[in-house]
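A.B. asks: Found this in TrEMBL, in case it helps:
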type	residues	note
DOMAIN	A:891-1011	domain 'ABC3 transporter permease C-terminal'
TRANSMEM	A:286-311	transmembrane segment
TRANSMEM	A:332-359	transmembrane segment
TRANSMEM	A:371-391	transmembrane segment
TRANSMEM	A:412-437	transmembrane segment
TRANSMEM	A:457-479	transmembrane segment
TRANSMEM	A:506-527	transmembrane segment
TRANSMEM	A:887-909	transmembrane segment
TRANSMEM	A:942-967	transmembrane segment
TRANSMEM	A:987-1005	transmembrane segment
Amino acid sequence: MLALKRLRPRAGLFLALFAVVLLLSGLAVGLTGYLSVAGNAGARTGLAALSGNDGGFRIITPLADGADAEAQDERIRAAIATLRGDGRALPVIVSRDIATRDSVSLESSGSAASPGPHAVGVTIASIPDLEGRADLTGGRWPTSPDEATLQADAADRLRIAVGDVLALPDGTPMTVVGTWRVRDPDDPRWLGEGSMLVGRPLLGSPGFLVIDPALWPSTGVVPEARWTVQPDAARVTAVELSALRTASDTVGAVIRAGEETPGRIVQSGRLRLSIAPIERNVRSTAAVATAPLIVVGVLGLIMLLELARVLEQLRREENALLRARGTTDGQFELWAGAEAAAAVVPAAAIGSIGAALAITAIGSPTDVSPLGWALAGVVAAVAIGAVAASAGRESRDISRGSAPRGMAAQRARGVVGIGAVLLLVLAAVVAVSQFLLYGSPLVPTADGGVAIDPLAVSAPALAIAAAGLLLVAAFPLAARAIERIADRLRGFRFLPLRQLARRSRAALTSILVLAFAVSGVVFAAAYSGTWSAGAAETRAVRIGTDLRITDDGGIPAEVRAPAPGQTAAAPGLSTDGQIGDSGTTIVALPHAAIGAVVATVAGAVDPAELGNQLSDADVRPSLPTDATGVRVGVTSTRAGDEPLELRILLSDSSGSLRELSMQRTASGYTADLPASDGEPAGWTLRGLRLELPAVRVGADIEFDVTAIGGAGGDARVRIEGRWEPAPGPLANPSAKSDIVGLHAGRLGVHAAAGDPGGSFLLVLAPASGTLVPIVISQGLASSSGLEVGAEPVVTVVGSGGLPAVVVGISPVTPGSSSGEGILADLATFQDGVLRANLGTLSANQWWVSTDDVDAAGMAATAAAPIGVEVETRGPLEADLVLGSARVVVWIAAAATAALTLLSIAAGLLTELRGRRGEVGVLRSLGLNRHEQGITRALEWGVLLALGLIAGIVAGGLVSALLVGSLARAAVPGAVPGLLTPFRIDPLEGGAALGLLALALAILLLGTARAVSRQADASVADGSRG
Amino acid sequence: MSAARRGHRTRRWTAGRLLWRRARTRPAATVLVAALVLLSLIVAAAVPRLVERQSAAELDYQLRSIGATARSLQGVTDYRSLWPTEPPPNADQLYGAIDQSLKLERLDYPEPLYSAVGEPNWLVQMPRFKLESRNGAPVDLGLQLTAAEDYLTRIRIVEGGTPSTWTESEADLEELEREAAEREAAAAGEPGEATSGATAVAPIDILVSTSSATAMGLKPGDLLGASAAANADPEVPVTPLRYRVSGLYEPIDKGDQYWLQFADLLPATEILPYMARPYLSTAAFVDPLTIGRFTRSLDGAKTRLYYPVSADALNGADPDLLLRQLSTVVSLGITLPDQAGQLNLGTRTDDAIEEALARGRTLAGLLAMLAAAPAGVMLAVLLLGIQAVVRGRRSDLVLAAARGAGELRLRLLMTLEGALISIPAGVIVTALATLLLPTEQSAVGFVLPAIVAVAPPALYGLLADSRPDAGRTGSLLSRLRAVAELAVVLLTAASLFLLIRRGLSTSGQAVGVDPLLSAVPLLLAVTVGIAVLRGFPVPLRGAVRSARGRRGVEAFVGSIRATRVPTLGLAGVLALVVGLSIATFSAVMLTTFDTGIERAAAESVGADARVDAPLLTADELDAVTQVDGVEHVAGIQLVGPRTLGSGDSDESITIVLSPTAELGTLRTLPARLDAEQDGRIPVLLSDDLKEEFTEGSSAIVSGQPLTVVGFLPADSQLGPTHGWILVDSSFSDRMSVQFSPSVLLIGADPALLPQLKAPLEAAVHAGAVDQGTVITRSSVSTVPTMTALRKSEPSILGVRIGLGAGALLSVLLCSITLVLSTIAAGRERGRVAGILRTLGLPRRRLRSLIAWELGPVALVSLLAGAVLGLVLPYIVTAAVDLRPFTEGTAPVAPVLDPTTIVGVLALFSMVVLGSGIVAVAIGDRIAPSTTLKMGSS
């Protein structure tokens, strides 16, 4: 009863306690749950995107005999089922089939297509789930064991038709009743065996002949039983990724360990490799999200302790009375604990259940993590413990004498306070230095893995806490300054400042929590801005443009159609290259288009500058757009010197190089231009390949090129620039030096000496020299020790070396996934490749700059045939997963702000009661109610402004120090050469701070009004008295 | 006038005299501080230089260990002819331009690379082709024409003469061929009259090495013929020409790098063509001008070149700079003149530098870990010493302050006193270090001693206190002691946790030296020190209780004083704990290292000694068994790969044939292997085959039934590292081979083992040095030589020196600390001692008081230090993989050698005891009058 009575006057404080616990426990359950939801979504999206060999693994072992086969199946399925290790099954789909490894020779009785008995070689299999995953192209599915089906393309190749009879090695006849194709060759179920299933011959076997399992004894071979295991992408959770990654090894080990005489077990599939990046993204999200959660935790702890302290401070007098009446320390603790529990337990329950319901709504009940419940429990326990401990301490203080604490005790507390600050600062220094040393919250572990480092991940929280505490510790200095200002003011205007300067430690808590909240908001804004900019810039560098379409076979016309919002488009070429020992990527784009199609990344990619660096002055002769053919006339000083064979090299507007064989006619050599599908092809002359007979010394052979079939009739193509025979291994090496090009805009050869018969390639000789100008990335420049002006040989992997000259070094190379690479002008690069006799390299990419990335991406994806890769600068799936860390950071910031508002409201409320007497005194001194309200509001306003400034300074410092690395850890596929720029999101940050300031202003207004009312009331009291 | 006299007197009493007087009054502490400063200076000046020299030595070692051939910058490119065939090109056209450009290329190299890279050596080599006939008789030989302009400077013609220039032309030859073909066509139907063009031209002179000539049966004057039809490789254009052996040569200097770099020049090489009989082939020199006459055959010709890279010239070079320069050189390659193509250069020097850098990083991490604790102690002891001196000066300072000296002036005076001790010493030590340990002058070698030299004066000035009462700062610091201790304990826990979690080597490779991880031993020692200081009063209280009842006051007062005002203080306890723990740790780690190296050496040798040879003759085998000290010899022959079948699986394996009875004396073999079991050959399998086979299972190799009788570790140093079966050599005929071992595992008399290498080498080299055809190299390794080799590696040497120096330094520091602590506590004790003396306690019993103060805490510290010293190796080996240093397969675990440990403990205790006696001797020289007088004031 007494407890209840004691509770009632402090209802406000208990309400605050209730709210704080509600918020904290809700956050504990909600944020851990949200992370789990985001992680699971990331895991599922990532796994769903895996296809073919990347999407699963396979256990292969010789099929056991007869009835043992079922036991074998059960045993292996059991081994797969126990993979998770905690008794629960991993969400995987296991499909078992039986197949021969090599092809088996069967006797065909002959058919219409290939009459007469003959042998056919096929791979035999029994695939139980085939009917559900394949479509019939002819015939029907088997209904009896002596019927079989055959993959459709294999049937074509083997010339087997529905109805043909095949004899198994022991003579058992079998009728082919149907042909089929699998519905999705990229389905991980087939584990990249699409080549077998779509009928592309692999290892000499044309494709699967599917028979009834009962027929295996008749084949005379021991087939392999194959269990294909693919993760069930719809059910997988993030925590299961690690078990999935090691699953294939684990299964193998389990099976081997469990058998007396283990047979040979083979594993295949690349799931292990393809799951690693998904796991890394999920882990990065957790790592980044942990940091702000620690801030909330620290703030929550401070608030709970402060609430407990305020409660006992307010109760000091009644406690002294109770103490005098014989209440013991233990009883105080017990009462206080029980009181706190009455508020805390319901709050924790409501908060955590509410959050759990919310998580269930956006995810599933399993997403509510046990860690969240445990944290909610910890919050409740800490709240109760803090109140109980505070009551006990207060009681012991009272028992030592109810007078204010002695000097010694004060000093001891002071030392403990300084000690705590020093410890915190030390911890922050250690944590921040570790974070900066390793540059990430993810740190290498002794076993070679990477894990969240507890010390590094708490660096932001510890730094914010330490910076806040240090700034608050500097408050006495500020107070002295404020007092000096107050001294100079006249009338009662000095009052708010004087009050402020003399505030107790209780007031400092408000500054501290506000500094915390503001730091949190600044940190969130900085993280949000930095991460978004970092992720976007990383994508911009990796893709190089807004929309990039890649096809090694050349870009089909349908995807070159103008995309929605398209502002520019250009062909691109990407291939593997090498300089010295460093492997790298070569990206070639038309220099004139670089400025328009390459995405600008501040401080890293300056397209205009790149375009200027790579510009070339060469003019390549182009054919009229409406030309349908081309003719090359030959003028030679002696009859019979005409080329034996002539081929013309042309490029089209998609950067594709074509070599056309020309027919010798009376008027010269002619060839029809390939029909352009859609837009004009835009043919450009790139070279002539000639097979010359032996010619005499001094012979001149000159070529003129005419475009035929244009609207204006045949048109002579203007030849400009110098044309020269390319050096290189020619049919007759000693003759090469005898041939020189005819210069000054003429296309032809001059036999300077001797009998230079053989094959030649005539190409445009660049005006600037034979070295291909390249711009290399900074990382490549460092690793290969090159500077501007260096003349390295760029090896085009698979072709050969190309002499080049470095004309620029850029921080990164756009369009290279690692950011490192070589950028060159497309035409110059192609000419260089031709000149170095490395064959012809056509463009394999189409770069599009567009104002509407999403629409353009969707349109291109829809238009792209199979095998064409479409990539956009838009967010990736991995971005969505890693972006959830940003959401968590903001939720944490919002939570700190809410906690802070609660704390300040509680402080204001407490003070309202505590300073009632003062109001009366001031009233009697002549301060009217308005002045009193304004005075109090001003006092708090300055106090909170100090907190705000401290928070902005602390948050800014900590963010500038740590946010770059933290955000980088969550940028998918971060490019080493690209610095993550430090940016504060002005919109989000401004809005958040504005909201916070608004809420504080409302609180202050409320306080001012309450003080006014108190002043009125005091007048009433006075008149009554 | 009087003012002037006063001024004069005051001047006479300033700085110099005051300092001199002070220096004479309490010299002990000052002398010790001076000794400490000197020690710190020596360490600060020497260590960075030693570390730098160590990395230089490591780089030098790595560069030397890969050998001159791997070190050189080398390249191969297509050789393109760039001259008209008429008139015949001269030597300058053929070689001049390329040679010039190769030489010019080198001139562009920056230092230090330029000095290290020598003049280029290069030659032109045509594709290998097959010879068809020798003096008309068919042969099966190969030839590769080689031309080098300077070849005559490197060889000595031992028989015959120099090859003359071929004056024909391959282009003419084509004409001749065409004419011959036309004649053939014209004379169709008249067989026997057709003439080959080849017979119409003069033969090409070639020069062959004596060893190849012996192997291939060539002699001067031999006429060799080749034809396009006889060529095995249709890709290689061969003109049907004839070749005349003009002479035989030998290299002037067989050890010249040239012959190693172009290793195929001297010996005949056995060519193993696909689906054809093997044959011998050799490179042969032609006259340098001869290649100018080729046209078609030059199509596959290659220019091969190398620039020698000297390890001597790179000694002490900056590895990072070198690496950058090398990558530039490799990236740029060489552009040959006149479109002769592009030459890419390659070298393994950069790998060696990277390896040296990686080892340097790991070593730096380890050394930082080893050095942190002694360095921490040194700092603590220095502080303690300076504190002792400053405390001794306090009364002077208080007096001076009372007489009107300003605080700043007094502090400056103290600073001057400190500077007099450290600055001259700093200058001298740095100068000496620069002279004695010359390095590439990195700044650290000067900055560090400078810091150490400046620190004491600064501390003197800072700690000087002229106020009569204890400073507020001091009292606040003493009150924050608990906080600091808590911080240290927490930091220790955190760093230990992180060290175990991250490992020193993984984090070392990621970020270099992580100070938090390196500080683990120091932090642990400090934590143990704190625990000792906080913990030892507990048992001592018992001593106090028991002392109460006893006679004599010194036990009682001593034990009470020991708990209340510990003489040693944290610095003293720390010094003892660290000193002993580092000494023990170093001893254990040294044993561990040595054991690890010996084990790795034994592992790599596989027995006491080992002979590897391409082939061992029966005579050599006999010679080996005759060597004094050789007790057992087990020959090993490797046969394979063969297929080991077991019904449902086939494994590709190597058969290890060996007399198992002999091998059994060197290895524990599980069963008798020399007798058939149920008609099956008993075999042992390498344990990586355990998945496929079990003990008792049957298998088939080369059609012979086997039974698996057991397994041996795959890495048993029998030859292959996996997938092998051990079969007794008595079954060699069943495996269709004749037993002729190429590896000998030797068990030797331990006493004679160290001297075994030379006689063994003599035994196997006798007949195998140069068999005329192929240069063969037999190698002999014994466990002691391998161990010595490994121990002489710079990084190992670095670790060993680091461990030894750490131990020595710790002991020195420890003994200085004991003495210093006693002196520092002298003032406090003096007052008590004064009272006790006044009360009549004889002076000699004061010693007992000091012993009581020192003894218990020293004992506890020693115990704690010993335990920590034994624990540290386990922590370090758990966190640091020492295998990069020791090599070997098994992780290195601490080896506790009781003799060493007890020895170290005993030695250390003796040093401590000795220091204690000195401390007592200094400590009891107290005149009660002085202390009492000061106390009363």
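Sequential numbering from 1, following the chain as shown.
Including glycine, each Cβ sits where the backbone N, Cα and C put it.
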A.B. asks: With pairs restricted to those 6 or more apart in sequence, evaluate whether the transmembrane segment (A:506-527) and the transmembrane segment (A:371-391) have 3+ C-beta pairs under 8 Å.
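C.D. replies: Per Cβ check, the transmembrane segment (A:506-527) does not touch the transmembrane segment (A:371-391).
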A.B. asks: Report the listed stretch (A:332-359, A:371-391, A:457-479, A:887-909) having the maximum count of Cβ pairs within less than 8 Å of the transmembrane segment (A:942-967).
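C.D. replies: The stretch I would name here is A:457-479.
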A.B. asks: Could you tell me the mean pLDDT the prediction assigns to the domain 'ABC3 transporter permease C-terminal' (A:891-1011)?
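C.D. replies: Averaging the confidence scores along the domain 'ABC3 transporter permease C-terminal' (A:891-1011) gives 83.
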A.B. asks: Quick test of the contact rule: Cβ under 8 Å, at least six residues beyond the ends. What residues does that give for the transmembrane segment (A:887-909)?
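C.D. replies: Non-local partners: 12-13, 16, 19-20, 23-24, 27, 30-31, 34-35, 38, 288-289, 291-293, 295-296, 299-300, 303, 306-307, 310, 506-507, 509-510, 513-514, 516-517, 520-521, 523-524, 527-528, 940, 944, 988, 992, 995-996, 999-1000, 1003, 1006-1007.
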A.B. asks: Near the transmembrane segment (A:457-479), which same-chain residues lie under 8 Å Cβ to Cβ, leaving out any that are not at least 6 residues past its ends?
C.D. replies: 287, 290-292, 294-295, 297-298, 421, 424-425, 427-429, 431-432, 434-435, 441, 500-503, 508, 511-512, 515-516, 519-520, 523, 946, 950-951, 953-955, 957-958, 961-962, 966
A.B. asks: How does the domain 'ABC3 transporter permease C-terminal' (A:891-1011) divide up by DSSP, counting helix, then strand, then coil residues?
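C.D. replies: The composition, in the requested order, is 100 helix, 0 strand, 21 coil.
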A.B. asks: Are there at least 3 C-beta pairs under 8 angstroms linking the transmembrane segment (A:371-391) and the transmembrane segment (A:286-311), leaving out pairs fewer than 6 apart in sequence?
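C.D. replies: In contact, yes.
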A.B. asks: Near the transmembrane segment (A:987-1005), which same-chain residues lie under 8 Å Cβ to Cβ, leaving out any that are not at least 6 residues past its ends?
C.D. replies: 514, 517-518, 521-522, 524-526, 528-529, 890, 893-894, 897, 900-901, 904-905, 908, 937, 940-941, 944, 948
